[in-house]
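In what follows, a single structure is set out as structure tokens and then discussed.
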Amino acid sequence: MQQNYQSITWQDDHLVILDQTQLPLREIYSDVNTIGQVWDAIKKLKVRGAPAIGIAGAYGLYLGVRDLESKNFTSFNVELNRWIEYLKSSRPTAVNLSWALERINQTVYANKDKDLEEIKEIILKTAKTIHDEDKRVCKKIGENGAELVEKGWNILTHCNTGGLATGAYGTALSVILHADDDDKDIHVWVDETRPLLQGARLTAWELKQAEIPFHMITDSMAGSLMKQGKVDMVVVGADRVTANGDTANKIGTYSLAVLAKENEIPFYVALPLSTFDLETDTGDEIEIEEREPEEVTHLAKTPITPKKTDAYNPAFDVTPNKYITGFITEKGIVEPDFKKNIKKLFEK
Ligand code: MRU
């Protein structure tokens, strides 16, 4: 399976990101040289999708500490933790960001007796490892998920969960790519995903490249299609899954899950283990990012509401575990009882 684009690349001494705010009209690769630029790219969704945010954050942390001239480990560690908190503040919901940063923090601590220049190199190496691992993990998610797909199925997906949102292939989209690769003759319904149109702009762009048949639909069409028997499976990604299986994902996911249950359609969440947050018990405790109202009142910078219209813009919602058929992970499919089986996943 060939993918001719990379959302994130480490090139010599800096990051190169495919600016996702410009797609599908322009394919612009931007140089990112400082931690401030990484923060800004994450905040503005130039790089987006839970695993991709984690990868970018990891490289960003290296860019932040690279030129530090700390006298000893203690003062270096204070600066490191300051940068970690700074990067975490860019977007709160996707746990992959704090997961990647904490992984680096722990690796640094385990090497605290080493020379500071060597520690900086270890940080870069860990960022590269997180990036490479994500590519392998996403491939495995796709292979595992494709086994659930039957020939000729119509699969509905929401937001963008492809190579753009990860190191490569994606999560939910990797399932779709691999099912297609296995000659399952699938067709995809792509939710446009209001308000920022990740489905229309990005998933459609990725499916075109992969030459997989699809139709774009507005978000509100999904229920009607399900009722007419035109959807065989829903597969989405996740930004954070708590210990009991409650799932935060792009706003609109909850409605899809309820509609899928009502219409007896399997509803799967595809994700890497790095998206589980076992320290949080239920979805009620997840912080949901609220974004600027202009994203709702404007379309591509053009106003679509009367002047001074108030708008509410939560970027994610939480789907209670009872609506989820299963989780597709790199370690296989997790079925209910989720609390027990998610725990087991990390014990293996
Ligand atoms: O706001 P976004 O575009 O970063 O939201 C992305 C999603 O909700 C994805 O479904 C999720 O991050 C999984 S990506 C593999």
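Backbone N, Cα and C define each Cβ position, glycine as well.
What TrEMBL records for ASP239 is active site, proton donor. Within 10 Å of the C-beta of ASP239 (active site, proton donor) we count 30 further C-beta atoms, all protein chains included.
In the three-state DSSP scheme, GLY49 (substrate binding site) falls into the coil class. According to TrEMBL, the feature substrate binding site maps to ARG48, GLY49, ALA50, ARG91, GLN198, ASN249, LYS250.
The site 'Transition state stabilizer' annotation in TrEMBL covers CYS159. DSSP gives CYS159 (site 'Transition state stabilizer') a coil state; it is part of no helix or strand.
For GLN198 (substrate binding site), the same-chain residues 6+ apart in sequence whose C-beta sits under 8 angstroms from its C-beta are ARG48, CYS159, ASN160, LYS250. Taking CA atoms as the reference points, GLY49 (substrate binding site) and ASP239 (active site, proton donor) are 8 Å apart. The 10 Å shell around the Cβ of LYS250 (substrate binding site) contains 27 further Cβ atoms across the protein chains shown. For the substrate site, the Cβ centre of ARG48, GLY49, ALA50, ARG91, GLN198, ASN249, LYS250 serves as reference, and the other residues of the chain with Cβ at most 8 Å from it are ILE53, ALA94, CYS159, ASN160, THR161, ALA165, GLY237, ASP239, ALA315, PHE316.
Counted within 10 Å of its Cβ, the other Cβ atoms near ASN249 (substrate binding site) come to 29, all protein chains included.
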